[in-house]
Amino acid sequence: MGLLILGIESSCDETGVALVRSIGAARPRLLAHALHSQVQMHQAYGGVVPELASRDHIRRVLPLTTQVLRASGQRLADVDVLAYTRGPGLAGALLVGAGLACALAAALGKPVLGVHHLEGHLLSPFLSADPPEFPFVALLVSGGHTQLMRVDGVGRYALLGETIDDAAGEAFDKSAKLMGLGYPGGPALARLAEQGSATAFGLPRPLLHSGDLDFSFAGLKTAVLTQVRKLGDQLPARKADLAASTEAAIVQVLVKKTLAALRQTGLRRIVVAGGVGANRRLRQQLDAACADSGLRVHYPELALCTDNGAMIALAAAMRLQAGVQQAGTDYAFDVLPRWPLAASA
């Protein structure tokens, strides 16, 4: 029967729970997952309020666990390992998932395992119908992180480049806020961009020709603010064009740096993960560039691009399979709000 692993994600504003079954060296299989997003709750504040996020995780995580067990036809007593997001993320939010996982594990006498949030994103395409093979270059791109990693196997990660200021997702969200598009801004900006011209505004592409694999998006955000102020009363009529131009600037940098990472490493496979990985323009441009060069690009299923419990259960299963980490029965836990991925290997 292999191992039945319950994964809990609570690092920010999504509460996710999932069950994965791992049998021998076979690819782990997702049995069920459930997710609650706090987007509606945080909309009134224009962003995530950490205290409210933690309280909502407390309300949601146990009912979601019950929902997943029922959907999979499993009992809590059948679970072999409990996995949770140890970091990075909001400290209070992380403590909710860690606390529940360790409490359940202690009550059941089962082992527990803390997982790196970004490793969950990085490995999430292994749940897709077209999973990648090692080694590959990973573009981890979300509201809080923008990194390029060389991935030679589970737990074998080398940082190639990262943002020196704002993450790509943050650039989407803050630009959207400047345009009055509400929260969450990234998806709203991407939808509006489909109606506009990507060449209407000559926005900067920071570090595009820097020769390294680092990113910078703070200057782009400032340029968007400048355009918003220049447009004044004309902003409503030009908003779609500004959204399209902003999206095009972010995507061009992401695509060029990712292809440069492939050239630098000599690898021919890309994994794109994180919330921004769902962006249509990013997928279209990467797919086109890879098709022209005979390269392979892999994405998670769209439903698994945002934070979710499935990626945490999967990462735990793959770490156990690879023998890079053992689940333990020391139920004293801590969380790591700041935790470089390479340091978790």
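Every residue gets a Cβ built from N, Cα and C, even glycine.
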Original post:
For the Fe cation site that Swiss-Prot assigns to H117, H121, which of D292, D307, D330 is also named?
Top reply: D307
**OP:** May I ask you to find which of D130, D166, D173 Swiss-Prot records for the substrate site already listed with L140, V141, S142, G143, G144, G186, N279?
**Re:** D173
**OP:** With substrate as the bound species and L140, V141, S142, G143, G144, D173, G186, N279 as its recorded binding residues, calculate the greatest Cα-Cα distance and give it in Å as a whole number.
**Re:** 17
Subject >> DSSP state at H117 (Fe cation binding site), helix/strand/coil >> reply: helix
Subject >> Rounded Cα separation (Å) that holds between D173 (substrate binding site) and H117 (Fe cation binding site) >> reply: 21
Subject >> Any further residue of that chain within 8 Å (Cβ to the Cβ centroid of H117, H121, D307) of the recorded Fe cation site >> reply: E9, S11, T85, L118, G120, S142, G274, N308, M311, I312
**OP:** Based on DSSP, name the secondary structure state of N279 (substrate binding site): helix, strand or coil.
**Re:** coil
